[in-house]
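So that you can see what the record holds, here are the features copied from Swiss-Prot:
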type: BINDING; residues: Gly43, Pro44, Ser45, Gly46, Cys47, Gly48, Lys49, Thr50; note: ATP binding site
type: DOMAIN; residues: 11-241; note: domain 'ABC transporter'
Amino acid sequence: MENQPQNKPIIELRSIKKSYGSNTIINDFNLAINNGEFVTILGPSGCGKTTVLRLLAGLEELDSGSIILDGEDITNVPAEKRHINTVFQSYALFPHMTIFENVAFGLRMQKVPNEEIKPRVLEALRMVQLEEMADRKPTQLSGGQQQRIAIARAVVNKPKVLLLDESLSALDYKLRKQMQQELKMLQRQLGITFIFVTHDQEEAITMSDRIVLLRKGKIAQDGSPREIYEDPANLFVARFIGEINVFEATVIERKSEQVVLANVEGRICDIYTDMPVEKDQKLQVLLRPEDIVIEELDENEHSKAIIGHIIDRTYKGMTLESTVEFDHNGMRVLVSEFFNEDDPHMDHSIGQRVGITWHEGWEVVLNDEDNQ
């Protein structure tokens, strides 16, 4: 039976601070991770995500604050005595040892009785479907197999939390996609809390129960992949996760609790937001490429849509991506449509005049002042 995340924190970071010299990386940082969750700590280079992982692993010392593991304060517990294991980007397998000995290494260091070691190692190898590789050396394995061995070596110690540090980045695209699925299935099977650190937003969306997106040592947003993609808290989040188009808007009037009449790039239309607004207030309307609708127009045809022309198009198999340049200000937007070869209006020509609208209610509305 698949493990489901439980509403009980297995990890708590309480007001932690870490500096390197005069450079403060994280300050007054708080985070709780529930038992059985697959959490991805995501962010650009220098945001503090690797520092958080190293603090959890016990590879760095806190300046202040505390780390709680399953109700126990482990702030001053050395790395080797924490029930936390790490899979590094390099996998760090011993090339002179067999796969069996690589996986058994941690158990031998803990002086686990020999009669326990073999069944535990074989069980771990069975979990990652590499039991038949036990007598081989790491150099005889593919990158994906080496990654699974690194995971087996980590889980054989039965940790409460498994940390993964950019551990898919060395794989080619096809294998990386496969390993994303396998990691998620393995995490459900093992029932261990996984904390995955990456800068790759596609990996985060694909695998995670929850994403913690960092910016300059602070949590920019903490939520499910769907929440972060469909309801970004600010412009940084929207731009970091997927493609986004940002339209300038001016409030005309509030029509109801949820609906505001606005001028969006010259188009007078309803936008959906419950935030307090005033007449003439500046807003930003965020639209994903797949939220936008293109209508082909004759050169003299009237339309209430935002008018522009196709300046680029890219066929991507299932989708057609078009770049539209607005006539009124030269702004460019990206539009993604599911490709329908039977639709004569689908494959837009360069230079085609078009009207731009969007699926009503799919927009995200932000206060312009919040996104500086």
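Keep in mind that glycine also has a Cβ here, set from the backbone N, Cα and C atoms.
These numbers come from a predicted model, not from an experiment.
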Between Pro44, Gly48, which of the binding-site residues has its C-beta surrounded by the fewest other C-beta atoms within 10 Å?
Pro44
Cβ atoms within 10 Å, counted per site: which of Gly43, Gly46 has the most, among these binding-site residues?
Gly43
For Lys49 (ATP binding site), which of the three DSSP-derived states applies: helix, strand, or coil?
helix
Rounded mean pLDDT within the domain 'ABC transporter' (11-241) lands at 90
Using a 10 Å radius on the Cβ of Thr50 (ATP binding site), the other Cβ atoms enclosed count 19
When DSSP is mapped onto helix/strand/coil, what comes out for Gly43 (ATP binding site)?
coil
For Ser45 (ATP binding site), list the number of other Cβ atoms lying within 10 Å of its Cβ atom.
7
